[in-house]
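According to TrEMBL:
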- A:Y546: active site, proton donor/acceptor (ACT_SITE)
- A:202-208, A:284-287, A:336-342: FAD binding site (BINDING)
- A:R483: substrate binding site (BINDING)
- A:170-352: domain 'FAD-binding PCMH-type' (DOMAIN)
- A:1-28: signal peptide (SIGNAL)
- A:R387: site 'Important for enzyme activity' (SITE)
Amino acid sequence: GFYANSSMPSQVTHELLLICTCLCSCLSLRSTAHQLCRVQSQGFLTCTYIHFFHRQEIMKWNGWGYSDSKFLYNKKGQAEFTGKRYRLSGMIIPGLREWMESTFGANLQHKTPAAPILNSSVVQPPTLNEAFLKELKSTGIPFSHDAEDRVFRSHGHCLHEIFALREGKIGRVPDLVVWPNCHNDVVKIVELACKHNVCLIPYGGGTSVSSALECPPEETRSIVSLDTSQMNRILWIDEKNLTAHVEAGIVGQDLERLLNESGYCTGHEPDSMEFSSLGGWVATRASGMKKNIYGNIEDLVVHIKMVTPRGVIEKSCQGPRMSTGPDVHHFIMGSEGTLGVVTEVTMKIRPMPEYQKYGSVVFPNFEMGVACLREVARQRCAPASIRLMDNEQFKFGHALKPQVSSIFTSFLDGLKKFYITKFKGFDPNRLCVATLLFEGDREKVLQHEKQVYDIAAKFGGLAAGEDNGQRGYMLTFVIAYLRDLGMDYYVIGESFETSMPWDRVLDICRNVKARIVRECKDKGVQFPPLSTCRVTQTYDAGACVYFYFAFNYRGLSDPVHVYEQVEHAAREEILANGGSLSHHHGVGKLRKEWMRETISSVGMGMLKSVKDYVDPNNIFGNRNLL
Amino acid sequence: MTSTYKDSGTASLNDEEEFTDILEERRRNTDLGYALRTFNPQPYKGAPSCSTSDLNKAVLESQYLRYIAKEIALETGSSVEKVRQEARGILEEMSHNLQLGFIRLMAYTFNKVFKRLFRSIYVNMEGLNMLQQAIQESPVILMPNHRSYVDFLIVSFVLFTYDIPIPVIAAGIPLASMKVVGEILRRSGAFFIRRAIGSDKLYWAVLSEYVRTIVRTGCAPLEFYVEGFRSRTLKSVVPKLGMMDMVLEPYFKGEVFDITLVPISISYDRVVEESLLALELLGVPKPKESTTGLFKASRVLQEDYGCMHVNFGRPLSVRQLCEGKINRSEYNLIPRDLPQRPSTEIQDCVNWLAHLIVRTQEEGALISPWSLMACLLLQAPITTLTEEGLQWHGLTEKTLWLRKLVLDFRGRLNWPAHTPDSDVMSSTVALHHSIVHHKAGRVYLVQDGNPASQDPLSPEEKVMRTAAAVLMLVSYRNQAFHVFVRPGILATAIHITKSTQKDELFSFFCFLRDVFSNEFIFIPGRASQDFDEACSLLQKCGAVHISQQEVTVLETGLEVLSFLQKLLQPFLESYQLIFRYLCENGAHVFTEKQFLPAVRNLATKLILSGDLHTFEVLSSDTQKNVLSALRRLEAVTKLRASQQNEYKVNKAAVRRTGDILSGKIPPESLHAIPDARL
């Protein structure tokens with residue numbers, strides 16, 4: 001329920017309760033209206049959740065995604081994926097159990113279940129700033145200090161954050177949650193926060209993996225989580241200039257769906273697009289899967305409006321490019337909530353593609369695969385998406401194949417396998433696969449496809465079908481759910497990313513994977529870890545690489561600490577080999593310690609001086625980045 | 001593999017390392033069968049099988065060589081194609097051509113030869129097992145010491161025997177020019193490096209890219225001598241850093257996850273070229289490596305050279321060793337294909353690593369009873385050795401005493417376990433009949449005159465003749481020196497300063513360490529650890545008592561301290577003599593060619609007059625080391641412009657160094673001693 005202060009006159013409380021009830025019923029109406037499901041190209045059925053004030057009603061409070069969707073082992077000991085939202089939903093995944101057992105040494109007998117419900121008594125009572133609260137109430141902007149609401153907005157999805165929740169451990173959480181409905185509401189909230197010296201932490205989709213949403217434990221002021229979820233409208237679409245003006249709280253899947261209804265798309269599809277918000281993308285410099293056609297967030301943004309303690313910052317026009325000193329948008333993009341709240345964004349839009357086609361190529365080894373991607377980048381003919389998985393990930397993808405209904409399909413699969421390994425002589429323990437997504441008008445797609453497959457052939461690549469490609473992209477959306485399954489059975493893990501020049505791709509992949517294995521051994525991990533990577537983006541001058549790393553923690557007294565030490569070592573390895581601190585996840589608090597060496601002391605000073613000018617009292621006090 | 005033995009003395013310290021005689025089985029089976037055995041080693045994981053031509057092609061076509069070729073073409077005005085042609089020539093001269101067939105031939109021949117030369121070749125199996133493991137995990141660098149030509153292919157021979165990939169070996173170019181043999185070596189995996197590369201940019205480029213490519217691809221273990229050449233003195237040589245830089249760069253640039261360094265200590269009971277070495281040190285030119293020379297040397301096949309030990313050290317991970325010492329991100333901003341001068345941080349690290357390896361080689365070396373006897377023989381007056389003879393009984397008593405001291409100092413002894421000590425010592429002396437002979441309870445130095453010659457020897461020639469025998473003894477003493485050097489320097493510091501104050505002793509210790517750092521291997525930056533080690537060893541053997549502030553000599557320790565101090569005495573005397581020469585006799589500018597014979601003449605004169613008691617100053621090695629020490633202390637400078645190695649001497653500085661060395665003035669004035677400990 002909403003805030004009801006016991007010290008207030010009972011009449012006021014009563015009124016509030018009334019408003020509250022009205023709002024709630026109104027909300028439930030809205031939410032049913034939006035529970036319309038739809039198959040998206042990526043293979044997930046979507047169901048918007050965003051209009052809920054209480055997202056935890058349809059989302060897990062201590063894991064990834066929707067409450068109804070999760071992996072579990074059924075009574076027969078077979079893995080299945082529950083729910084109806086995704087292509088994989090309701091299916092049996094026969095290979096998963098064996099893969100988990102052989103990869104991690106996991107065992108169905110050894111369970112580590114999560115605490116089922118949040119025990120509100122472990123949540124610290126809120127520290128409230130009465131004066132702020134009083135004025136906030138007068139604005140009519142909804143707010144809450146309910147324990148569940150606060151806990152839900154106290155974290156992102158780093159391993160240590162989820163692990164603690166599963167164990168029912170709650171640290172510092174926001175003291176209050178506010179739901180502004182529009183730009184002007186945000187202006188009011190920020191003014192009040194400045195006036196009463198309250199700490200504001202903007203909250204969009206909550207998918208951060210950089211500890212960006214963690215409340216600084218040293219913060220003594222009242223912390224207010226500013227939830228942008230109600231600012232989710234497309235304010236206008238400009239068909240002449242192909243732009244759309246959108247409120248920053250909208251989440252990816254809603255934005256695409258609403259634009260699609262008018263025949264447009266942004267084409268910005270980060271892996272988290274089901275839940276992450278436009279404002280979050282801007283604040284972290286997000287990157288989308290199909291950036292080869294549509295560009296990353298910095299290429300897509302035409303205009304940004306942000307509310308800061310100094311006032312509102314925006315440009316005076318929407319010129320496509322300007323030479324007016326350093327681009328102030330670049331102070332905003334990547335500011336990670338330290339300067340203000342992004343409220344509205346004008347973005348480029350494109351007509352929806354006429355035709356989409358998936359594809360995949362098998363290479364005899366990872367080196368050949370990388371060489372092929374490099375050549376594709378050199379010729380600047382990358383499809384909308386091109387990704388290269390290493391051998392371990394290829395096997396992992398294989399383990400996630402759902403049960404096939406027909407004998408014919410399984411026969412065909414067997415035949416394919418025979419052809420590749422026996423006839424073509426690929427070593428099943430070295431081969432790797434690239435997944436492709438082409439988009440555009442049909443004829444051009446087919447032409448483009450041929451060009452890419454021709455290049456691949458030069459590097460020993462064999463076309464391996466649309467199915468494999470499509471499954472590869474589908475996995476992107478369910479892999480986050482899989483971590484929760486692992487955590488039920490002593491397996492913890494996470495992904496992290498980097499970018500590097502082309503000539504260092506192979507070295508970084510090899511060295512970081514090897515470093516992970518060695519660190520696990522040194523830190524006493526009893527089982528060999530899963531240490532795998534994939535190249536997920538290509539650029540003219542380099543690539544983006546994603547690492548996945550997980551291990552069975554049985555026998556460790558402090559598994560999260562071990563995990564963090566290994567991830568820290570892996571990041572050191574990346575930096576020592578010439579990789580970047582982050583390609584698109586951002587810095588948050590998790591990677592802050594490396595910022596100075598990354599951007600130099602002068603660079604730090606520049607950022608610091610901007611912060612000092614814009615927010616001298618550190619109202620946006622999440623302490624990310626600097 | 002039935003014959004194993006434990007190197008007895010060290011059992012308490014080196015946890016019973018097992019050595020296996022690899023000749024044992026060879027003697028029981030046919031050489032041919034051995035040479036034709038199936039050879040199927042487990043290579044480095046993920047390494048592509050890489051033929052010689054692939055390797056050479058990769059080097060020639062590397063971005064790095066392309067870049068350098070362009071640069072050189074621009075500088076010299078010749079065409080890129082011409083430069084590349086030249087590079088191809090260099091590579092042809094350099095590159096190995098490892099072929100299994102020749103390894104078999106080599107193995108066959110070696111079997112024949114080794115069985116003649118040696119009673120046994122002992123190898124530590126544990127080390128081999130670790131090596132086998134290491135080879136599969138990362139590129140491996142085999143780093144043996146180099147004491148004899150015999151050890152050039154010994155590692156390959158052992159690895160062939162145990163089914164471990166055969167290394168490619170860096171060798172000096174003179175070997176390549178030997179007819180037939182050069183080609184055999186090339187096909188056995190040797191690649192050849194010119195001696196004086198100097199500033200030949202193209203040569204450096206080809207060589208470094210060649211070495212890096214071998215390491216990067218991990219196609220074969222790489223073997224090289226970090227000391228740079230065969231030690232003429234049987235003492236470890238200060239490591240050379242050129243190869244080390246090249247070998248480590250792929251790690252620094254992140255091209256490999258790790259590199260494994262395997263120090264290998266090869267020790268001989270008796271070194272095949274012992275007399276040649278001594279003559280060479282005395283300025284008698286060494287015979288040029290030639291095939292016919294090799295055949296002439298076949299006389300050596302008649303002799304007994306005792307045993308040889310090949311001790312494979314624990315594989316060392318470069319990654320682990322460098323952790324926290326360097327920041328590899330300095331390579332992030334320049335394409336790795338382009339040459340980049342490493343930072344001083346990296347250079348220091350390479351230098352440190354190289355020293356560490358040599359120290360580890362020293363620690364892995366086995367000390368023979370003969371080395372102990374040599375230490376003691378050299379402390380007897382020269383006339384006793386040449387004329388009256390040294391009491392056998394006294395010598396053996398003292399040798400046993402020294403054996404205990406070596407064990408206290410954690411030395412690795414090669415003292416046969418199940419033989420009475422007296423037999424061990426007499427058979428040792430018998431083995432070294434070329435240096436000493438034992439007659440009627442006394443031991444005499446053998447002075448290898450030329451009886452064929454009619455002319456009587458001049459006094460100077462007599463000195464040289466004695467010197468040759470003494471220097472042979474010196475080289476065997478040197479095999480044990482690393483065990484004594486740290487406590488020895490402390491003993492010397494105590495002797496010279498007559499102080500008991502720890503900090504005073506420490507600063508003199510540092511000074512000596514600094515002056516003698518061309519003579520002995522000291523790991524850079526570890527002065528205080530060295531000092532602590534010296535203190536604890538002297539305390540352990542009951543020579544001194546150590547308190548917070550003081551080091552007090554104990555009555556019971558006089559024997560040890562006097563032994564140690566006498567052990568170092570020849571070095572002090574030699575250095576002082578040369579300092580004196582430079583201050584009094586020499587000109588302000590001199591060349592090395594003038595310097596060496598002049599010092600030799602002065603020393604000979606003083607030996608004849610009875611004013612100098614060591615022959616070691618006659619060794620060109622000592623003379624060169626003094627020069628290097630003085631250059632390091634900036635008392636002598638090399639003239640840059642000079643073509644013929646001209647040096648300029650600062651007489652005041654040399655005199656001051658000499659005064660500190662003799663204890664006249666305290667050492668603080670010379671160097672501020674950087675030390676966190678004090």
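Every residue, even glycine, has its Cβ placed from backbone N, Cα and C.
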Recorded positions A:R387, A:R483, A:Y546 vs A:G205 (FAD binding site), shortest C-alpha separation belongs to A:R483
Reduced DSSP state (H/G/I helix, E/B strand, rest coil) at A:P202 (FAD binding site) is strand
Near the Cβ of A:S208 (FAD binding site), how many other Cβ atoms are there if near means within 10 Å? 29
According to DSSP, collapsed to three classes, what secondary structure does the residue listed as 'active site, proton donor/acceptor' have? strand
Just jot down the residues in the same chain as A:Y546 (active site, proton donor/acceptor), at least 6 apart in sequence, with C-beta under 8 A of its C-beta; none if empty. A:S495, A:F496, A:E497, A:C533, A:R534, A:V535, A:T536
May I ask which residues of the same chain, at least 6 positions away in sequence, place their Cβ under 8 angstroms from the Cβ of A:R387 (site 'Important for enzyme activity')? A:A434, A:T435, A:G472, A:R534, A:V535, A:T536
Residues that sit under 8 angstroms from A:G337 (FAD binding site) by C-beta distance, when 6+ apart in the chain: A:I201, A:P202, A:A212, A:A283, A:F620, A:N622, A:N624
Note: in the chain of the residue listed as 'substrate binding site', residues six or more apart in sequence with C-beta under 8 angstroms of its C-beta are A:W64, A:L159, A:I162, A:I492, A:G493, A:E494, A:A550
DSSP three-state call for A:R483 (substrate binding site): helix, strand or coil? helix
Tell me, how many other CB atoms lie within 10 A of the CB of A:A286 (FAD binding site), whichever protein chain they belong to? 27
When a 10 Å sphere is centred on the Cβ of A:G205 (FAD binding site), how many other Cβ atoms does it contain? 25
Which residue among the binding-site residues A:P202, A:G340 has the fewest other Cβ atoms within 10 Å of its Cβ, if you could check? A:G340
